[in-house]
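Engineer: Please read through the structure below; I'll follow up with questions.
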Protein chains: 2
Amino acid sequence: MIILRSIADTRAALDSWRRRGQTIALVPTMGYLHEGHMSLVDEAKKRADRVVVSIYVNPTQFGPNEDLDKYPRDFARDEACCRARGVDAIFYPDNAVMYCPDHSCWVTEESLSQTMCGAARPGHFRGVTTVVLKLFNITRCDVAIFGRKDAQQALIICRMVRDLNVPVEIVVAPLVREPDGLAMSSRNKYLSDDERRRALSIANGLNQATALFAGGQRQAAALCDLVKTGIANAGGNIDYVVVMDRDSLRPLATVDRPAVLAVAAFFGKTRLIDNVFLD
Amino acid sequence: MIILRSIADTRAALDSWRRRGQTIALVPTMGYLHEGHMSLVDEAKKRADRVVVSIYVNPTQFGPNEDLDKYPRDFARDEACCRARGVDAIFYPDNAVMYCPDHSCWVTEESLSQTMCGAARPGHFRGVTTVVLKLFNITRCDVAIFGRKDAQQALIICRMVRDLNVPVEIVVAPLVREPDGLAMSSRNKYLSDDERRRALSIANGLNQATALFAGGQRQAAALCDLVKTGIANAGGNIDYVVVMDRDSLRPLATVDRPAVLAVAAFFGKTRLIDNVFLD
């Protein structure tokens, strides 16, 4: 496994694979890898001859009052995880490699990004689409794997690829949970033991709502209320609990088409997101 | 020479060239081709094995009160010009091919695009960068050729390529003039005989300013005033006459570094642009 720190080295290494006719899958991450990321690596290995994991805590997707500085980082552990899982290369740039001092070009998505995490975190998705397009252009990957925990992000990336004709196939892989149901996230590290226990109310609420939906409930408000009550009872601070059309991310009053029930809530200072599909 | 109307056909044709190891140059145009465009084709032929000309009057770079509807179009003539000049393919999409009804992703440049034509034509450069990135992604060209008449556009495209790590080499080819000095432009067709004669004041003013600069004048105001006076005396309606730093497009009071003296002016309803470099 090779560690690539510069764009020139990355292009040279990946071009040499391409010249041998090998296809390349990219797994973009911010590091502090967990089993959710590793499931993306497994998916990548099925889809291409070579797997590149990018590890970059992208500053442009963090707001001024967010957790950029304290976002967890452990490159040695990430490197070991990738090596053990059969990753071919890690692209591990620093900020000077990724952004010129007079950087002035951005990719913006102006519809799907207006709601949910986009409404709560202004500029977040502009940072995401910009850095992801940069990573696609640097690696010229054939396929890229994203996790469904960030459902809105995955939808926005798919929209970017469609609208800008980006020649990359996007695969959205299933959400991976801890044994007790908590959606895996690098930010779970922030949780105290008590917060960790109470945060389970998110996954439990989504489970109960899924059961209610399976039982025939089609009113979005009833499904959301169930989730909200559980989180509130556990002392969580709700950012949003919404039922959205799964293509347009427009709110649904009645679940009469493929939908996503999505949550963002704080436990302590930690913002967690989770979602289930309603079919 | 092949005419490509769909993205799938374009990708298939260009992939077959790539598989044979051939490189591809793109000349993006809005059609109604003139000798300025053809000089870009000549440059493209020097730079790559295959030359693709795109012909697309991109609606998203026109403002609501601009000349989208009456922009001159003559595909039969364009096709003959390209065939005669040895172009390999024309990519000639319609709007439905280029933009989905719910298109929502854009490429924006937020520094260089704030002045000159960007100030006069809000949204213009967002349309340009977006469509150019789409054309790059559709063709996956190795190199793309732009004309220096649109000096600000060329600079913004170079910035986009840098900031988004677009794997395309940008070549900016010299401005081509009519025998009497008028910068070639598809929009020259709009000019009446009288306007055409009076519009020469732009190129004449730039020539005089170049001579003044060569004679030692370094004050931007003096250079601009000379150009402004000539255009005003010819009955032109000036949008801007500016001297800008050639890298940052920031205005210069004193020409103490590579600069561009750039003009936009109306003759009748026709907006013309032109520029000279000051070295």
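Note: Cβ is positioned from N, Cα and C throughout, glycine not excepted.
The active site, proton donor feature in TrEMBL is assigned to B:H37. Residues annotated as ATP binding site in TrEMBL: B:30-37, B:147-150, B:V176, B:184-187. Look at TrEMBL and you will find B:Q61, B:Q153 tagged as (R)-pantoate binding site. The annotation beta-alanine binding site is assigned in TrEMBL to B:Q61.
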Engineer: Using C-alpha atoms only, work out the spacing between B:S186 (ATP binding site) and the residue listed as 'active site, proton donor' and round it to an integer in Å.
Structural biologist: 10
Engineer: Within 10 Å of B:H37 (active site, proton donor) by C-alpha distance: pick out those among the binding-site residues B:Q61, B:R148, B:Q153, B:V176, and say none if nothing qualifies.
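Structural biologist: Cα within 10 Å of B:H37 (active site, proton donor): B:V176.
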Engineer: In the structure shown, with every protein chain counted, which of the recorded positions B:H37, B:R148 has the densest set of Cβ atoms within 10 angstroms of its Cβ?
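Structural biologist: The residue with the most neighbouring Cβ atoms within 10 Å is B:H37.
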Engineer: Below 8 Å Cβ to Cβ and six or more residues apart, same chain only. Which residues does that give for B:G36 (ATP binding site)?
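Structural biologist: Spatial neighbours, sequence-distant, of B:G36 (ATP binding site): B:G147, B:K149, B:L175, B:V176, B:A183, B:M184, B:S185.
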Engineer: Around B:M30 (ATP binding site), how many other CB atoms lie within 10 A of its CB?
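Structural biologist: 19, counting other Cβ atoms within 10 Å of B:M30 (ATP binding site).
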Engineer: Please identify, among the binding-site residues B:M30, B:L33, B:R148, the one with the smallest Cα-Cα distance to B:Q61 ((R)-pantoate binding site).
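Structural biologist: So, of the listed binding-site residues, the one sitting closest to B:Q61 ((R)-pantoate binding site) is B:M30.
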Engineer: Within a 10 Å radius around the Cβ, which one of these binding-site residues has the most neighbouring Cβ atoms: B:Q61, B:Q153, B:S186?
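Structural biologist: The residue with the densest Cβ neighbourhood is B:Q153.
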Engineer: Can you check which residues sit near B:L33 (ATP binding site), meaning Cβ under 8 Å from its Cβ, same chain, 6 or more apart in sequence, and list them in order?
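Structural biologist: Looking at Cβ-Cβ distances below 8 Å from B:L33 (ATP binding site), excluding near sequence neighbours, one finds B:V53, B:I55, B:R77, B:D78, B:C81, B:C82, B:S186.
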Engineer: Can you check what DSSP calls B:Q153 ((R)-pantoate binding site), collapsed to helix, strand or coil?
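Structural biologist: In three-state terms, B:Q153 ((R)-pantoate binding site) counts as helix.
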